[in-house]
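Residues annotated as Zn(2+) binding site in Swiss-Prot: Cys4, Cys7, Cys38, Cys43. The [2Fe-2S] cluster binding site annotation in Swiss-Prot covers Cys75, Cys77, Cys109, Cys119. As annotated by Swiss-Prot, domain 'HMA' applies to 138-200, with the evidence given as sequence analysis. Annotation source Swiss-Prot lists Cu cation binding site at Cys149, Cys152.
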Amino acid sequence: MMRCPECSTEGWRVLPLTVGAHVKEGLWSKIKGDFYFCSLESCEVVYFNEQTVFRKGELKTRVGVKEREEPKPVCYCNRVTEKMLLEAAEKFGKEKAVEITGAGKGKWCVVTNPSGRCCHWHLERLGFPVGGEKKAAKRVEIKLDGLTCMGCVSAVKAALEEAGANVVEIGLDRAVVEVDEEAELQKLVEAVEGAGYSARLEKR
């Protein structure tokens, strides 16, 4: 893990694919290696690594958690904003608001969401429940083969989630997922193979 050079918040790793989807095209030449995402609301830094820092003004995408005015995107896959959630919560309650808006139900987060993750962390920060999920008991690393683009990554991520895994990290050659203790790990391999790629398991 690395800490943001401006606010010292611990960042989480994001793929070059994610960074490239949100940073302005003129800055693509600076995208080298993995970056880290800073989630602190008041910090202007979005992505950073040892060599490069990208701030809000250098992105073409609004980073909802860092915006002070609407629209404040929360679920990028289903185009759900903070305002939409709050309005639905006022009428139907927070739990129903998540269901009605479809927040947290997307499958392309690694590309659409600047954080490179599902928006569940953002929903929880706003006080919305993301219940119904089982707590993961173990973390598993999956070696991947045959992926060549962000479309491949998104397809494998969706397949793993359909198999019941919580995808923590994913790239062209590996994925790290969390699953229940009783989960059949071979089903994860089968899910990747069903999406048209090769995989093998390595417990962490």
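Just so you know, glycine gets a Cβ as well, placed from its N, Cα and C.
Structure coloured by features recorded in Swiss-Prot.
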residue	record	Cβ within 10 Å
Cys4	Zn(2+) binding site	20
Cys7	Zn(2+) binding site	13
Cys38	Zn(2+) binding site	30
Cys43	Zn(2+) binding site	16
Cys75	[2Fe-2S] cluster binding site	26
Cys77	[2Fe-2S] cluster binding site	18
Cys109	[2Fe-2S] cluster binding site	25
Cys119	[2Fe-2S] cluster binding site	28
Cys149	Cu cation binding site	10
Cys152	Cu cation binding site	17
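Confidence annotation: the domain 'HMA' (138-200) carries a mean pLDDT of 91 in the model. Across the domain 'HMA' (138-200), DSSP assigns 22 helix, 22 strand, 19 coil. Of the chain residues outside the [2Fe-2S] cluster site list Cys75, Cys77, Cys109, Cys119, Val74, Tyr76, Asn78, Val80, Ala103, Gly104, Lys105, Gly106, Trp108, Thr112, Asn113, Cys118 have their Cβ within 8 Å of the site's Cβ mean position. The Cα of Cys152 (Cu cation binding site) lies closest to that of Cys77, out of the binding-site residues Cys7, Cys38, Cys75, Cys77. Among the binding-site residues Cys77, Cys109, Cys149, the residue whose Cα lies closest in space to that of Cys4 (Zn(2+) binding site) is Cys109. The shortest Cα-Cα distance between Cys119 ([2Fe-2S] cluster binding site) and any of the binding-site residues Cys7, Cys38, Cys43, Cys149 is the one to Cys38. Each residue in Pro5, Glu6, Ser8, Thr9, Gly11, Ser39, Leu40, Glu44, Val45, Phe48 lies on the same chain as Cys4, Cys7, Cys38, Cys43 and has a C-beta within 8 Å of the C-beta centroid of that Zn(2+) site, without being one of the site residues. Cys109 ([2Fe-2S] cluster binding site) falls within a helical segment according to DSSP.
Annotated pair Cys43 (Zn(2+) binding site) and Cys75 ([2Fe-2S] cluster binding site), C-alpha to C-alpha distance, rounded: 20 Å.
It is 25 Å from the Cα atom of Cys7 (Zn(2+) binding site) to that of Cys109 ([2Fe-2S] cluster binding site).
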